[in-house]
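*Asks:* Quick one: the structure is below, questions incoming.
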Amino acid sequence: MLQWRVRKFAENYLNSRREKIVAPKGEVDNIDAEVLVGLVIYGVILIVIGLYSYIISRKRHTEEEYFLASRELGFWALVCTVGASWTGISALISYNAAYTGGVSTWWIMGFPTVFATAVVAVLAYRIRKTNAISQPQIFEWRYGPKVRIILALLGIWYMMTWAASELIGGGESLSVALDMPYLVGLLAITAVVYFYTVIGGFRAVIYTDIFQFILLNIICIATSFIALNAIGGFGALAQLPQELGAPGFLDFFDNFRYNFAYAISFSLAWFLEADMWQRILAAKNPRLVMKAFLVAAIIFIPLYFIYTLGGMAAVKVVPGLEGVGVLPSLAKSIFPPLLFGFALAGILATVMSSADTAINSGALLLCEDVYHRYINKKATPRGLFVVGLVATTIITVLAFGVGVTLPDMLWVLWLAADILACGCLVPLIGGFVWKRANEAGALAGMIVGAVFAFYNYVGDLFGIEVPRPWPEYPFYLPVGILFSAIAFIIVSLATKPQYEKFKALKPSD
């Protein structure tokens, strides 16, 4: 059995899209039409955006266009796409967490989003200066080909399972909201995401991200403030600790150790995600991307407080939810049916925003870091564009296959995330800041971290008890990172330095 904290969080992650999003039995038929109208309109808009992206790029079918939008991302496009990638599902989870835990739950999703974005901003200038195509390519230049292929395969695994988790959530939501079979809902979500992603590539992902980020936050801001006003404003909010018998409900540092441990764990994992590096490499220039990430980090601070306030107000507006499906239930209670239909479509679209990102980023790794690097080094830019189409199809089919056959196997996603955090964080950051780091040290750190992460799943995989002298998730992640750092430093110091490779990540100005 999986560790309780991991399974509980995974269940909440999916439950936030399940039964609680729909009306009680007897009202479903009245709601279905509005939900269906909203979803159909939304799906059509996404497909139109994909077609528009294809039209814009049809005269330059190259790998750089398909996966980096010809490096033309401007300031606000970057801000919105970073926002869409990191505030989609985490917004829903923020409402759920605040509903049961109060204002201190801002640390669970708000802090990691702000912190990870700010950390990426610090390194964004140097990342963009490399002018690479992908994250693993940068680390071949810094360390060597072995590090690249390991990072690429881990990234493909993570992106495929991430896409699967989003499609599963979307399929389950549609099956409940529209009273259709799960497989039909899964197929519908997958078909729409695949269509606009495969024809429009990364440009379509960016354009849909902009639309989805704006729409989702209009819904969230309106819902939160209407709910807050409905209960009597901040004065009524101040009475909640006494009414609920929860003295820590308005204590920003309540349960701080637990919340902060989650925050750090998520921050470490999010910083490593290849999709964020892909956005950096697609920016027009290094200075612009650094500013865009800093502005995004600043914008996230009030946004997550708005999500948190909405979740807290929902305790009185829609009581008895047990901390799942809070945002959609709140929207249903304050919007008329037609507006609720569009609101629900926007909420469910968080699935698409994350799924298209995972599919496109996974396809990039498969195309550039596997096919181009190891199978056909002489491939032309247009040839790689065609391979990109095939890679997008492969990642989508694999994700759909997981959704059909293994919908409850999302622990695989958590294992991939733990391996990335424990094994890859130190070599990635160390490559930028430590001149003495080398390939042997990076491999040692990655192996030690990966073994540590896998060890924590041995009991779950084989049904046996193994000694673990460290705390459970998420508190064990810093321990794994520490082991990885020790191996990274010792082996790097004990082996031949690669000073010339450090220059690959050092800006010339």
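Using N, Cα and C of the backbone, Cβ positions are placed for all residues, glycine too.
So TrEMBL lists the following for this protein:
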- 35-55: transmembrane segment (TRANSMEM)
- 75-95: transmembrane segment (TRANSMEM)
- 107-127: transmembrane segment (TRANSMEM)
- 147-168: transmembrane segment (TRANSMEM)
- 180-202: transmembrane segment (TRANSMEM)
- 256-272: transmembrane segment (TRANSMEM)
- 293-314: transmembrane segment (TRANSMEM)
- 334-352: transmembrane segment (TRANSMEM)
- 383-405: transmembrane segment (TRANSMEM)
- 411-433: transmembrane segment (TRANSMEM)
- 440-458: transmembrane segment (TRANSMEM)
- 473-494: transmembrane segment (TRANSMEM)
*Asks:* Residues of the same chain, at least six outside the transmembrane segment (75-95), with any C-beta under 8 angstroms of its C-beta?
*Replies:* 12-13, 16-17, 105-106, 108-110, 113, 116-117, 166, 169, 205-206, 209-210, 212-214, 216-217, 220, 270, 275-276, 279, 283, 288-289, 291-293, 295-296, 299-300, 303-304, 307-308, 310-311, 314, 326-327, 330, 347, 350-351, 353-354, 357
*Asks:* Go through the chain and flag residues at least 6 beyond the ends of the transmembrane segment (180-202) whose CB is under 8 A from any CB in it; none is fine as an answer.
*Replies:* 43, 46-47, 49-54, 57, 65-69, 167-168, 170-174, 208, 278, 282, 351-352, 355-356, 359-360, 364, 388-389, 392-393, 396, 399-400, 403-404, 407
*Asks:* When you check the transmembrane segment (147-168) against the transmembrane segment (411-433), do you get at least 3 Cβ pairs under 8 Å, counting only pairs 6 or more apart in sequence?
*Replies:* yes
*Asks:* Could you give the residue numbers and ranges of same-chain residues that sit at least 6 residues beyond the transmembrane segment (293-314) on either side and whose C-beta is under 8 angstroms from one of its C-beta atoms?
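*Replies:* Answer is 75, 78-79, 82-83, 86-87, 91, 94-99, 102-103, 105-106, 109-110, 113-115, 117-118, 120-121, 124, 217, 220-221, 223-225, 227-228, 230-231, 237, 240, 249, 280, 321, 326-327, 329-330.
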*Asks:* Would you kindly list the residues that approach the transmembrane segment (35-55) from elsewhere in its chain, counting only those six or more residues past its ends and only Cβ-Cβ distances under 8 Å?
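*Replies:* Those are 174, 177-178, 192-193, 195-197, 199-201, 203-204, 207-208, 211, 338, 340-346, 348-349, 352, in sequence order.
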*Asks:* What residues in the same chain, six or more past the boundaries of the transmembrane segment (334-352), come closer than 8 Å to it by Cβ-Cβ distance?
*Replies:* 17, 21, 30-31, 33-39, 41-42, 46, 88-89, 91-92, 166-167, 169-170, 173-174, 177, 189, 192-193, 208, 212, 215-216, 218-219, 223, 226-227, 230, 317, 327-328
*Asks:* Need a quick answer: max count of Cβ pairs under 8 Å to the transmembrane segment (411-433), which of 107-127, 256-272, 383-405, 473-494 is it?
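*Replies:* Most Cβ pairs under 8 Å with the transmembrane segment (411-433) come from 473-494.
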